[in-house]
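Visitor: This is the structure, below, for whatever I ask next.
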């Protein structure tokens, strides 16, 4: 059969019979059926091949990684959907009717009927019936989903029949054929409606084992039409419009997007390269996205083609009938809708890929983190310029999750721009421009291509400047984070002004870089808006001046529209290439991390048959790694202490030959930095094994473990407790089945009952980020409780008694470490509490500098002289405590909030009152609802500038829009001139009428048109447009920088001088978020998005006004359409804002859990919880992807409706022009059609940008909120009756006089009627049980709490009459938690740079830290003061505490206050510090020490015993010891085990007196 048509394709306002019969009725339907059959066969054989490898079993968490791939990778194939059965039965009837019609035409057709086309329709209908029959039998449902085939074929048939019906009605077809065609059209209309509107339902219900998946998501069950128009989101959008969305309102995530499905599938990909693995994994999605992008690329160019035809009709109406003109107008509407649907589907497919890419990459990174080796990062010296590059730091790994995965996932949604949209649209646009402008059109496209490098260059320059901004921002955030991390140290020392100056200096650098960024952003935006004008100038120059062509209306404005369409891919390709390069770099960083060396734990501990625990001639070391030549890791909390380093070379444990006693208590002791923590980690297999062997029976597969008996796993309690941001109970139970009896026994053993009873939510209280809502002692006890509750056979404890008082330590040791819960377990206990532990342990290992100095039983080591025999003499004094003897709660360092109880109410630890508030309610980060308050917006606007500034801004926006309109009006005038001349030349009647009626001179000949004149004016207008655009942006950015600087300084001031209670109540992460993300939005996003929003808003107003002025009737339609726009935008804004906020909220748990895994990977591996944490991470990622995808679905929901309304704008504009043909001249019609064509894109950008501005204003609201927090009263609360002496305090006497205070007005007093004296130059100890109020007393001394009653005097001066700065300079407090800053030792010892090298070195020597830090001196440096860029990463906790004490001694304050400052220091060093304090007292320093180690204060001059916030006892040590057995101090001494030593020291002191 010959398919070539000799007649015209279009004849007499309809398609020719040749096209209808040969193509629409025959070739297209048969080809589609053949393609469908081939696709079905390919899918069938492919599915059969895959089915051979499917494991039909399924478990939510597989027992191994490989098994998880087999079990989950193909679950989606069991999820086949179908049209409801009722509709399928109707389908059968309709297709049988279609076949009957074909038979009827074959029998009764006339001579003019093409039988081939009728036969083709019969064959295609039979194929449709065959597909339907297979669908009904469900015989192939596991292999091929045939429902989409039916939908596509019905739609294709309906589309062809639409044109056939049009031709049959307007042509001379036979009556039977016309009727049959109309009936067929009706049948396929019903079929299409059935398939387009029918919801999809699961063929089979979910299996009970498929517990990973919940109900189908809305988009899975939505109809085809609903998916094309995103109507499946209607319920959610309406719900968001009526009320604020909550997480519970969100739809289920599509199971094909779940991490538990996509991650195992991705792991099954075979290629080595991560990039090609991603391409292979998403190949089908990329092809679908490419298909939609291709359809969109063709559809967007249909309007300018139709516009040209319409304008030609307007110029010469006789060229076509009016019905053809209306066909053009209808085509504008249809093309706009098709382009909108294709564009939305293309973007949606990209976002689906982005979500799955994020899930895949986060899973890859997360599982790698759980397998990564532990690396130690040291400062590299000048002799070693290149840092080892073997390991990523924690900060870099976190950046992989937060930054790099986002770069890659976002780029995956835009790949179509590079490989489809840009090349296809460029080719189509070039062809159309060539048809319009000839060679000049090609020149125009060539110019756009030639200017593309300029776009890329500016984009790269902007990226480079942005990188500098990020670097400066990182420095500023790091400085502010350092303040927040050490805020107590800074406030205690009155260093706010100094550290504020440091931050502001970083801020000034950041503002300078931001100024550069804004300048380049202005250049970029000016270029963005000016390049189309430049291309237009040069194209028209060649077209009119060089080649002297006539540029009429029908040529100029379609060309402008085409250039406008091409501008989008040309501008987006520049950004896409930049983002693609950035994503490629990020992908490389991720791949590099994934290729890092993993932990050797499983190889070292691979001997599963061994029952020994210990080392055999083992030498172990820490790998020394860096990442990106970064020398020092970020200051992140870790569950391990990689800090015991005697030299710049990695620390080593050398020649270990140890056999720990099974089922016994093994104690590891030694001085600070000797390697105790490292030995425990080496036992876990976390250190690199140089030679020898490590023995520790270990199973690392969670599903092989029993939950009701001891298992071959290890419970690990690091020195700095690893606490999850879960409830206290969840931290203890740690994903094991809950056993109430065992749980109660654990709480009893670790003395947590009273603490839990003090919380309103009991054990359902959230521990906070890193345990931020718990005190140090509470965190250690929760960590120990986790170990006891576990079924682990081996327990490793790292100094877990250092943060509790002696009574509590005594209770924990005998009830937990030596209690029933430890029976049958092997315990390795690294500790400094040798007096308590050694007399009762079974085996001892003495360490010094990484070597075993001695090992054996206590008796053996005493006989060898390695242990003091006095320690063993106190053995009988321990264990006298009765069960349940502890009776206090630890509140000194816990969160002081209205939710804390004042007394030990009788509360069930296992049940919480359901009417009580959510435990998170008091600590959740504020999340504003609805629109941002006007007061916040007004605050920001006022800081931008005075009234004259706003007048100037409005003027610049107005003049810029006026000039923009002038460019097109001038083109119109230019084109009109050509139109007039053309009409004059070819229409003598028109020429005579014009001359006679209008008395005008005869127009010039075409060659006499002053093209250069029009070109010159156009160039001038364009230059003015570029200038005012650039100037406007600079003016706005000037105000933005001013506002950013002012608001940030107010934020910094407000937080720095906030009350200490603010930092107790608000988690550090929330405060840091204000200084990082919110400030970034304030600095960079508000102004840029606001400019674009205001510009587009002004442009939209200008377009509507202009079109209405040319076509007044359009105003009627415009009113209704604008109302529809407003309605759609209003209901969209609420949902988009809520989804964005929910996504921000759900992002935090992902980052938090990742941080917890990063810092606790050692504990996770020890407890064999890797698979559990991976599953939890996948759930959190799904919770993040759900609002993310819904947010982008709402964007597409909006996009389709905006495009539809935009198409209506273009349709009505064209309709009114055709309808009012006589009153609208072609040039004006061309201009209004041009603006109408651009309206849809503009309104879409406006709504999206407006939503972004609303979301960004939320950050402004959050920042402004923190500028209004309650401040400390820096000025004196009372007016002094005399001037403060210059040398105050000269003596250092302290007096508490009936002092009473409380944390908040609604809480009971924490100190009540405190009265005692501290004589000048004396040393006074404050002791008491945990929770007695000791630490609160230190806060009172520096007015961290203000007096409610009574007073505190220093040298007779009421401290309320002294400014805070002066007071805190006079009184130096050393807190229990060591505060160490970034910078060298010099910067840490002397932040104000007031002391000499000699003074600092002497102070280091006094606290016994000098020898330790000398080993870190790089090269041949003579002083240790300039080494260690970040001491927190190189010093152990005890050494960091020594550094803080050295800083305190260096200040030489008259009053020194130590708040349990030596709790983490070994006894020998503690004794040395006490000797230093004695030396200080000789020069008149008053020392107040809060202590748990009573032996260290035995020679103090006075002891004050606190109990329940009151002074229970006071006097000299000897006086308190002489009291009867009911004396609190004496009982504390007995419980400490040092009573005899304390009595001896006290007697010697009293004897000296």
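Placement of Cβ uses the backbone N, Cα and C atoms for every residue, glycine included.
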Visitor: Given the ranges 1063-1085, 1086-1108, 1155-1177, 1178-1200, which one is assigned the annotation transmembrane segment in Swiss-Prot?
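Guide: Here Swiss-Prot associates transmembrane segment with the stretch 1086-1108.
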Visitor: Check each of the ranges 1113-1135, 1251-1273, 1274-1296 against Swiss-Prot and return the one annotated as transmembrane segment.
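Guide: Going through 1113-1135, 1251-1273, 1274-1296 one by one, Swiss-Prot flags 1113-1135 as transmembrane segment.
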Visitor: Under an 8 Å Cβ to Cβ limit, what residues of the same chain, 6 or more beyond the ends of the transmembrane segment (1229-1249), are close to it?
Guide: 303-304, 307, 310-311, 314, 336, 340, 553-554, 556-557, 560-561, 564, 568, 968-969, 972, 975, 1089, 1092-1093, 1096-1097, 1099-1100, 1103, 1106-1107, 1110-1111, 1114, 1125, 1128-1129, 1132-1133, 1195, 1198-1199, 1202-1203, 1205-1207, 1209-1210, 1213-1214, 1217
Visitor: Specify the count of other C-beta atoms within 10 Å of the C-beta of residue 1085 (N-linked glycosylation site).
Guide: 17
Visitor: How many neighbouring Cβ atoms, not counting its own, are there within 10 Å of the Cβ of residue 617 (N-linked glycosylation site)?
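Guide: Within a 10 Å radius of the Cβ of residue 617 (N-linked glycosylation site) lie 10 other Cβ atoms.
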Visitor: Which of 90-110, 324-344, 413-433, 550-570, 1086-1108 has the most Cβ pairs closer than 8 Å to the transmembrane segment (1204-1224)?
Guide: 324-344
Visitor: Which residues of the chain, 6 or more past the ends of the transmembrane segment (550-570), have a CB below 8 A from one of its CBs?
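Guide: Tertiary neighbours of the transmembrane segment (550-570) are 300-301, 303-305, 307-308, 311-312, 315, 417, 421-422, 425-426, 429, 432-433, 436-437, 441, 444-445, 448, 452, 455, 531-532, 535-536, 539-540, 543-544, 968, 971-972, 974-976, 978-979, 981-982, 1006, 1226-1227, 1230-1231, 1233-1234, 1237-1238, 1241.
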Visitor: By Cβ count within 10 Å, point out the most packed of the binding-site residues listed: 676, 1334.
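Guide: When each Cβ's neighbours within 10 Å are tallied, 676 leads.
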Visitor: Looking at the glycosylation sites 176, 617, 725, 1085, whose Cα is closest in space to that of residue 1328 (ATP binding site)?
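Guide: Closest by Cα: 725.
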Visitor: Take the C-alpha atoms of residue 672 (ATP binding site) and residue 617 (N-linked glycosylation site) and report the distance between them in angstrom, rounded.
Guide: 24
Visitor: Around residue 524 (N-linked glycosylation site), how many other C-beta atoms are within 10 angstroms of its C-beta?
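Guide: So the number of other Cβ atoms within 10 Å of residue 524 (N-linked glycosylation site) is 18.
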Visitor: Can you tell me the three-state DSSP label for residue 617 (N-linked glycosylation site)?
Guide: strand
Visitor: Between the binding-site residues 670, 1328, where is the Cβ count within 10 Å the lowest?
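Guide: Least crowded of the binding-site residues 670, 1328, by Cβ count within 10 Å, is 670.
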Visitor: Within the same chain, where does the transmembrane segment (438-458) have neighbours whose Cβ lies under 8 angstroms from its own Cβ atoms, ignoring anything closer than 6 residues to its ends? I mean 6 or more beyond.
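Guide: Answer is 426, 429-430, 432, 520, 523-524, 527-528, 531, 534-536, 538-540, 542-543, 547, 549, 559, 563, 566-567, 570-571, 573-574, 577-578.
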